[in-house]
Structure formats: structure tokens, C-alpha cells
């Protein structure tokens, strides 16, 4: 028990001793450190953090925090609430980006009785009651780095990277590097870029690569990280470690020269003074004759000649023993002309013909004669283009299909007199082919280099093409339905001129919707970044529209869906047509089914996230497949029959008198329900010679007598071309109708006298033969 009491008393004594040594309760001493970037950067921030950690260890400070922040607004927003509410004793603002915000907060509470926080910032202005400033001679170490570069280069071409004014640092330090190299090696050529920030690894890497491509074999920088050095090493050169971190400890002999900052020597006396609430004192760091105060530690590679080391060490000794105001960077033969050109002030204390005023050194920003300045480095985004092989392949296939469609048009025109072509109406076949032609052209645009016109044009072409193709198919199907869904066999006039408005209506709807999309949708080409698998500096040209345009596009898709569903429904209604001659209805149905199936596959794919190139490939291939399938299904059987049976249609199906079971059944059913009003068919077997392009599909007047529904009658109804010659006779021969040839018995049974005053209807007894 006595031992425990003794141990407690001993600890209390030690604690009191610590408190009395520094005059402050270390347990309650709170310190905050602000860094501009992560301290794992193997550069400037790493060394700052290392100095902070060493101070904490030596002084026994435990309540410390590190925050990564940069810029005035962010720094103030972070720091001010902590100073107001957390009783912070000391704040180290280590970056130039912290200076303004930290100065402003310090001024707000200068002389405050409640907030005793002291601030450390970068700079050389006068200290205040709660603010001190720290600076180090960055020009001298860059001058030494330049001396090494001038001695070590083999190509006499050296380069440099700096943040520039936009990054918060004038190029006076670039000048110091160049001057050291030029004075030791007058033959050197010097090239440099501004990066625009202390930390931008992407720009640094690319700018370094360009300097290497120019022939530079030694490259220095005043940036925070080691991106430049990594690029140099990756290209097989030796790197310089010029960002304050001992790079040779990490990269070994790949780094031929490096210097490091010893921030512990700067921070330790400053924090000690803050512990005792002493008056803030500024601090200055540089090469120093006293090793305990020397801020820079230099390390060389094994292959550096001793003569080079000797020259550098002699230069460092000169800098240590010479006032900063007359260092070579401030006083030289080039300075007077430069100062006169850029309105800088020369020194009033030292040689006015060579020495610039100390404060004016930091206004040196423009290049001296002999310095080649390339400006701020900008990364040009690289366009990722659509796969050339896919683009060429789709274009070639589309071109071949266009040629096939054109040949098909020629074939339709050439064989328009053949029964196979005439039975399907050549003009509608041309419509279908023309729609396919437009679609194939749109597919070529779909995989072409994008611009605003292509974005709009390809959508116009594809939608108009499909409207023409599908609209013609649906209208033809609708005609079939009207003809076969006619149990009373009444007169049904369906001429081509009656069908044209329906096709035109499909196109008009499409044009209206596309016009709305074009005017309101803002459909245009944009350079998209950050999509798919694009790199940070890559872009892809895509077509983009606003929400209004997307809504109209969905409306267009819904319109096509309704058009297809109508076609599918009508095709289903005529599925029971059993006459082989009219199997085009099934072909049209198959086409619509194929299109519907493809669309139901495509739409979910389009809704789900896809890479733009994959989306383009799917849409292009689907468009080619749908259109090609439609053309083949409709036209291949027709041209085969032309090839097989000749232009005159020798196939017996156009001459046989085959009855339609469906139509006959409907006629007989209607006959049984209308006894006493029996009809006979007066049209007989109409041959294909009666067909023209302006047909009137019809059945005889309802009050005439009919005997049977034959294939000839149905064929006449379907082909659109059966009685246009009769129409012409009605127009040109004073309403005389030349009826088709019928048999003698039907003629005798159908004669009706027509005296001037019409007598009561004469009852005609039909032949037994026609009773069946």
C-alpha cells in the first residue's frame, strides 16, 4: 500500500514539474495543424506533418488535430467555429492557401480576453500579439538545385514545373533555378511550364513527359508531390527530389539529388513560446552555418562526381556567409535591364546596377532572356471514337442492303405486269422498299461521326422510314381484313387512292411528333465525360436532348407500338384465310411479329444502363435486322414466283377455280338466313389480265343473284386491281359497264327487261343447275 501511495505522489510531482517547466498545463494545451493536402504525398505536406509529430514528441503534447483544407473560404469555414468554441491554444497554418483566412481570424481576436489563440502563418510581415509568420529562403535552395542540374545534364537541356501565379506562387523560384544552371553552364537550354496548382498529378505527369520528349534529361519542380519524379524514373532517367521530401530514402539511386526540409527546427521554438504564452516572434529558415539551425538537408546519388559535389558545397558555403539581399538571385548583371522592363525597384542599399530590392524579388514572374516559357499546361481531352471496324462494317452492310433495295425497286417496276407483283399492288411495294431505303440510310448516319445535324437527321430518317414501311404493311393488311370480313358480299370499294391517305396519315403523325421533338427537345451533340469506361481526360460524342425531347421520343415510341399492335391485331383477324394465293397476309403478319419481338427486346435494353457504344451497336443491328427481315419476308416469295413461273404468271393458282372455304361458308350461312332472296355470282373466274394499278375491289350489286364464291372473285377483291378498267369504261363510255365474261345459262337467267316506264319486278326462276 505504501508503494502505491509513493508511486501516485511521484507521478503528481512529475506532472507538477512538467507544468512548472513550461508554465502551462500540457494536458489541456490544444494545437491544430492545417495542411493543404494529405500528408502521405511524399512531399511538402509529409515533411510538415513530420515536423509537427517531432514537436509533439519532444514537448509531450497530446491534444493535437490535423485538418486538410486549402483556400480562403474553406479554411475560414473550418477554422473559425473551432477557434470560437473549442478553446484552441495554437494554430499552425502551413500553406500559402491558409494565410488570408488565418490572418483575418487572428485580427478578429487580437487583444481578446476570452480567446487566447495564437496563429502561425507563412510569410514575412510583422508579427502581432497573436500572430507570427514563418518564411524560408526558397530561392536559395532552387538556385542550388539549378547548379546541380547545369552540372549533371548530358543534353544541356533542362526543364522545370511550377504552380505559377494561378497556383499561388510567382515564378521567381523558376528564375532562381534557371540562374543557378545558367551561371554554372552557359550552354544550357531551359524550358518550363506552369501547372496552375501545387498539386495536380495529371497535369504534372503529362507536362513532364512533354519536357522529356523535347530532350530534357534533368527536370526540377516546386510542386507538392513527386509526380514529376515518377514520370522521369518511368522513362529511364534519374530524378531530382525538389519538393522537400527525402526522396532518396524511398527511391534510392533512381533519385540522383534531393533536398529535404527540417521543419522540426522551425516549429520547436515557436511551439515552446506558445506554451508559455510568450509574445509571438517571426522565424526565418535558410542554409545556416550553425548545423542546429540549418533548414535544408541535401543528399546525392552515388554516381554524382565528387567535383560536382565540391562545386555545390562551395556555393552553399558562399550563400551561408552572404546576406540574402546580395545572393546571386538578387544581384547579377541581368537584373537592371529586367527591372527596367518590368518596372521593378532596384536596391537602395546595395549596388543599384545589379541588385533588386528585396521585396521586389517576389514580383519576378516574367521569363528572363534565355528562358523558354510554354505557359500554363492544359490537358486536352482526348476523344474516344466509335469503333472504326464496327462503323465500317455497319456502313458496308447498309450500303449493300441499299443496293439490294434499289434493285428490288427496279425488279418491281420491270415485272409490274406479272401476276405475282400485280396481285400485291406495285405502288405499295415501292412504298415499302422506299421506307427500307430511308431506314438503311439512317443506320449509316447512326454510326457516323456525330454533330448536331447528324443527331437530328438520323432520328428523322429512321422514324420516317419505319413509318413508311410499317404504315404500308398495316394498310395492306387492313385491306385484306375488309375484303374477307364481308359475309354479305356487299360492294367494297378499296382503290389505291383510298389507301394513300392512310399511309400519308402515318407519315404526318410522325412528322408532327418529330417537329415537336426538334423544336423543343434541344437535340444536339455534346462531348460527354465521366460516362461508360472513359478516362478522366477522355470524352465521347453523344446525342443528347432535354426532358421535353425525351417525353416526345417516348410518345413516338408509343405511336410505333400502337401502329404495330394494330397490324398484329388485323393480321390475327385474317389468320383463317385458307386460300394459298393470298399467303401474303401471313408474310405481313410474320413481318409485324418479327418487328414487335425485336422492339420488345430492344426497349428493355435501352432502359437499362448501357455503354453508349454498345447502345449504338444494338440499335444499328436491330434496325438492319428488322428492315431486312421485312423486305425478305415480303419480296423474296414474289420474286421467286416471277423467276419460277415467268413474267406472265403461268402458275395455275391464277387460273384455277378454287373456292375459299371461309368465304363460301359465310355466303351459304347468309343465303340460308335470307331465303326467297337468293343470289348468284355473276363474276365467274376473273383472270389476272383484268388487274390494273387503280383497282376497285368489289362484289356485284347486292340485288343481283349469285351462285358461288370462287377464287376468281376473291382474287379480284384482294388484288386492288380487278375492276379499274370497268371504272374507266364508266367514265369514258357514258356509264356503259363492260362486265366480265359469264356462262350462257347465267346470262339467260339474269336478263331483265328495261321498258321506259319501269314495270313491276319480274320474278325469274333460276336454273336447277344454279340452285346448288
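Every residue gets a Cβ built from N, Cα and C, even glycine.
Annotation source Swiss-Prot lists compositional bias 'Acidic residues' at 718-728.
Taken from Swiss-Prot, the feature compositional bias 'Low complexity' applies to 740-753.
Among the features that Swiss-Prot reports, compositional bias 'Pro residues' is placed at 754-763.
The Cβ of residue 73 (N-linked glycosylation site) lies under 8 Å from the Cβ of 101, each of which sits 6+ residues away along the same chain. Positions annotated as N-linked glycosylation site by Swiss-Prot, on the basis of sequence analysis: 73 (among others).
Sequence annotations record features per position, and here Swiss-Prot assigns N-linked glycosylation site to 126 (among others) based on sequence analysis. Listed in sequence order, 133, 282 are the same-chain residues at least 6 apart in sequence whose CB falls under 8 Å from the CB of residue 126 (N-linked glycosylation site). Following the DSSP three-state reduction, the secondary structure of residue 126 (N-linked glycosylation site) is coil.
Long-range C-beta contacts of residue 262 (N-linked glycosylation site), restricted to its own chain and to partners at least six residues apart, with a cutoff below 8 Å, comprise 51, 294, 295, 296, 297. Reduced to three states, the DSSP call for residue 262 (N-linked glycosylation site) is coil. Under the heading N-linked glycosylation site, Swiss-Prot lists 262 (among others), citing sequence analysis as support.
Per Swiss-Prot, N-linked glycosylation site is recorded for 313 (among others), and the stated evidence type is sequence analysis. Listed in sequence order, the residues of the same chain lying 6 or more apart from residue 313 (N-linked glycosylation site) and placing their CB within less than 8 Å of its CB: none are present.
Residues within less than 8 Å, Cβ to Cβ, of residue 343 (N-linked glycosylation site) and separated from it by at least 6 positions along the same chain comprise none. Annotated N-linked glycosylation site per Swiss-Prot: 343 (among others), in sequence order, evidence recorded as sequence analysis.
Listed in sequence order, 203 are the same-chain residues six or more apart from residue 378 (N-linked glycosylation site) with CB atoms under 8 A from its CB. Positions annotated as N-linked glycosylation site by Swiss-Prot: 378 (among others).
Residues or ranges marked as N-linked glycosylation site by Swiss-Prot: 546 (among others). In the three-state DSSP assignment, the secondary structure recorded for residue 546 (N-linked glycosylation site) is coil. Around residue 546 (N-linked glycosylation site), a 10 Å sphere centred on its CB holds 12 further CB atoms from the protein chains shown.
Feature annotation from Swiss-Prot assigns signal peptide to 1-23; the stated evidence is sequence analysis.
The predicted model assigns the topological domain 'Extracellular' (24-391) a mean pLDDT of 93. Sequence annotations record features per position, and here Swiss-Prot assigns topological domain 'Extracellular' to 24-391 (among others) based on sequence analysis.
If you look up Swiss-Prot, you'll see 413-426 (among others) marked as topological domain 'Cytoplasmic'.
Here Swiss-Prot flags 448-463 (among others) as topological domain 'Extracellular', drawing on sequence analysis. Across the range of the topological domain 'Extracellular' (448-463), the DSSP-based residue counts are 12 helix, 0 strand, 4 coil.
Annotation comment: Swiss-Prot describes 485-500 (among others) as topological domain 'Cytoplasmic', evidence class sequence analysis.
Sequence annotations record features per position, and here Swiss-Prot assigns topological domain 'Extracellular' to 522-551 (among others). Sequence-distant contacts of the topological domain 'Extracellular' (522-551) (same chain, six or more residues past either end, CB-CB distance under 8 Å): 202, 379-384, 449-452, 454-456, 459, 611-613.
In this chain, the transmembrane segment (427-447) lies in contact with the transmembrane segment (617-637); the count of Cβ pairs under 8 Å, excluding pairs fewer than 6 apart in sequence, is at least 3.
Recorded stretches compared: 392-412, 427-447, 464-484; the one with the most Cβ pairs under 8 Å to the transmembrane segment (501-521) is 464-484.
Residues of the same chain lying 6 or more positions beyond the ends of the transmembrane segment (392-412) and with a Cβ under 8 Å from any Cβ of it are 421, 426, 429-430, 433-434, 436-437, 440-441, 443-444, 446-448, 620-621, 624, 627-628, 631, 635, 639, 642. Nonlocal intrachain contacts for the topological domain 'Extracellular' (448-463), taken as residues 6+ away from its ends with a CB within less than 8 angstroms of a stretch CB, comprise 385, 391, 395, 438-439, 441-442, 510, 513-514, 517-518, 523-525, 541-543, 556, 560, 623.
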